[in-house]
Amino acid sequence: MGLLTYLKSLFILQLLMGFVFVVSGLIINFIQLCTCVLWPINRQLYRRINCRLSYSLWSQLVMMLEWWSGTECTLYTDQATVDKFGKEHVIIILNHNFEIDFLCGWTICERYGVLGSSKVLAKHELLKVPLIGWTWYFLEIVFCKRRWEEDRDTVFAGLDRLKDYPEYMWFLLYCEGTRFTEKKHQISMQVAESKGLPKLKYHLLPRTKGFTTTMQCLKGTVTAVYDVTLNFKDKQTPTLLSIVNGKKYKADLRVKRFPVEEIPDDEQECANWLHKLYQEKDALQEQYNKEGKFPGPTIIPPRRPWTLLNFLFWATLLLSPLINFACGVVVSGSPLLIIGFITFLIIASVAIRRLIGVTEVKKTGSSYGNQEAKKQN
């Protein structure tokens with residue numbers, strides 16, 4: 001076990017994994033670009049192909065969590081809810097406290113066959129991020145600038161297009177709008193006080209506009225809302241970098257299903273329902289902090305081999321020519337080639353580190369609490 005831990009910490013292996021992810025991602029993006037010719041001819045075929053292509057990319061990240069770091073994911077829910085996973089269109093509400101909360105969500109999506117068709121209401125800045133934003137664009141992800149006056153038409157049009165999506169989709173909403181930090185929490189609770197809303201200890205005040213709009217636009221398509229609360233054993237705070245280093249965590253996800261019939265149609269009543277839900281999530285977090293677990297039965301969905309097989313396919317395809325080229329450079333003895341190759345490795349490592357940086361809490365700022373942000377609710 002000590003040897004395995006040491007191997008996972010080797011930068012060269014991490015760099016090779018990053019190389020496989022980046023290059024395969026660029027190849028996938030190119031194929032996605034080519035599929036655009038199908039859009040006016042057969043939109044559903046375009047969508048099915050892009051679901052498979054996005055799965056091929058995102059499953060590499062899931063592989064890192066499941067197989068590389070060995071992180072375990074336990075569901076706290078009932079079997080009746082689990083039986084519906086991957087068999088209906090749903091909206092997912094997830095707390096936004098950790099750098100890898102999206103990765104834990106993707107892991108559950110993969111285990112129930114909806115990873116390729118998973119959606120999210122994402123901030124517009126991510127559209128400019130290579131691989132992530134580009135893949136999401138082809139997957140019809142809805143992007144917003146968090147300024148409702150500018151987002152209104154874009155969000156309505158994007159959600160309206162998803163009504164006839166051919167694959168079962170899980171549409172993820174981070175209703176808090178940004179990751180939890182103490183500073184953001186203070187500002188958020190000032191907003192709650194000004195609006196006469198109960199204060200939350202472990203969450204930011206939810207931004208209701210995105211939720212009510214999504215419910216309104218996807219009514220008749222989604223059949224349920226899944227409220228998901230994520231925590232890690234022993235109050236650990238994992239990062240994507242620690243996952244890359246092979247560190248193992250234990251994730252607990254509490255899932256509660258709400259049929260859409262139980263959620264009010266009226267916008268204000270729907271917003272009140274969301275505020276009440278977050279008050280319940282706050283109480284649930286309090287209980288977890290005291291007992292170290294959520295209430296109710298547990299289910300551990302088995303991990304599937306497809307994420308590992310997919311990565312091994314891309315690794316075999318891409319690393320063989322890279323290793324052959326590297327050996328050729330060394331054998332040639334050419335200072336120019338060797339310097340060029342080292343420069344390439346440096347640039348690659350910097351690029352991969354910047355991609356990881358996208359997930360870091362300290363680098364994901366927010367305008368939460370300013371006048372524009374307040375107007376969104």
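Cβ from N, Cα, C; glycine included.
Positions annotated as domain 'Phospholipid/glycerol acyltransferase' by TrEMBL: 90-212.
Per TrEMBL, transmembrane segment is recorded for 12-39 (among others).
Using a Cβ-Cβ cut-off under 8 Å and counting only residues 6 or more beyond its ends in the same chain, the transmembrane segment (311-331) has close neighbours at 16, 19-20, 23-24, 56, 59-60, 63, 67, 337-338, 341. Annotation comment: TrEMBL describes 311-331 (among others) as transmembrane segment.
Residues annotated as transmembrane segment in TrEMBL: 337-356 (among others).
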Tally of DSSP helical, extended and coil residues in the domain 'Phospholipid/glycerol acyltransferase' (90-212): 58 helix, 17 strand, 48 coil
Intrachain neighbours beyond the transmembrane segment (12-39), with Cβ under 8 angstroms and 6 or more residues off its ends: 45-46, 49-50, 53-54, 56-57, 60-61, 64, 68, 130-131, 134-135, 138, 244-245, 311, 314-315, 317-319, 322, 345, 348-349, 351-352, 355
